[in-house]
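Engineer: Please find one structure pasted underneath; my questions will follow.
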Amino acid sequence: MSAIGLAPHNFLLSWIAIGLACGSFVTVLVARIPEGRGIQGRSQCISCNKTISARDNIPVISYLILKGKCRNCKVPISIRYPLTELVAMGLVVVAVQSNEGWWKVLAWVVFSVLGLALAIIDLQTHRLPNALTAWLFVLIAVTVSGDILANHHSDKIKMTVISSFALTVFYFLLNILSRGGMGMGDVKLAASIGLILGYINGSSVIVGTFFGFFFGSTISVLMMATGRATRKTQIPFGPFMLLGAFVAPWLTPHLVAIFL
């Protein structure tokens, strides 16, 4: 049997390696996109500007071999790099193990990887770069369309388009009502979330949106209760939108069974 005829989850070890590589790519996006730099070219040590060799750029493994220090200047390397790679690996493996069909798996891998990059950037800079939100939408649209064509799911086109449009309008209205408190970056991100969740079903869009606000409200209350934030503190909402969207496919069937 050819590899393409096998289910994606039959290649678990390969997906683990791919997930780690995707995590390394996420660290590049996080470091360069907010500064307006391109993603081409080799990475450099932020302390000594020495170009990082291929052997020192193996996700997680190089960090362990180098004991968390630059080979050239011996300055400690931030733990966030291997942690990002491990989180990306986990997201990719979950996406692969939880979906059937290559196109659907690719859609969720794209969403997981670029979503992770957007979440980290939003946490660090309080903005969602247009370039990344645009690429996320385009790639989700392509992979979802691929699954629709490959599996003859033309019946899902209407719900997918309506969900993306409706969620975008919903966040746009929140942007107006909050006078910019809900940023336009969140509005653009909503288009991709509505697209991928709408392809599953309308209930997933509702559940994902609800849990995005639930996670955001919970963290905000905890931060204010511990003195780490006030009512005027701006807390990025993109990460909570993405988290809600990621858990929606797994929570929706259980919630529907309970309440309906």
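Glycine residues also receive a Cβ, built from the backbone N, Cα and C atoms like all the rest.
Caution: TrEMBL annotation is automatic and unverified by curators.
As annotated in TrEMBL:
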- 12-33: transmembrane segment (TRANSMEM)
- 18-96: domain 'Prepilin peptidase A24 N-terminal' (DOMAIN)
- 102-121: transmembrane segment (TRANSMEM)
- 110-219: domain 'Prepilin type IV endopeptidase peptidase' (DOMAIN)
- 133-151: transmembrane segment (TRANSMEM)
- 157-177: transmembrane segment (TRANSMEM)
- 189-215: transmembrane segment (TRANSMEM)
- 235-259: transmembrane segment (TRANSMEM)
Engineer: Would you list the DSSP helix, strand and coil counts for the residues of the domain 'Prepilin peptidase A24 N-terminal' (18-96)?
Structural biologist: 43 helix, 4 strand, 32 coil
Engineer: In the domain 'Prepilin type IV endopeptidase peptidase' (110-219), how many residues does DSSP assign to helix, to strand and to coil?
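Structural biologist: Reading the DSSP string over the domain 'Prepilin type IV endopeptidase peptidase' (110-219) gives 96 helix, 0 strand, 14 coil.
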Engineer: Let me know the model's mean pLDDT on the domain 'Prepilin peptidase A24 N-terminal' (18-96).
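Structural biologist: Mean model confidence (pLDDT) across the domain 'Prepilin peptidase A24 N-terminal' (18-96) is 92.
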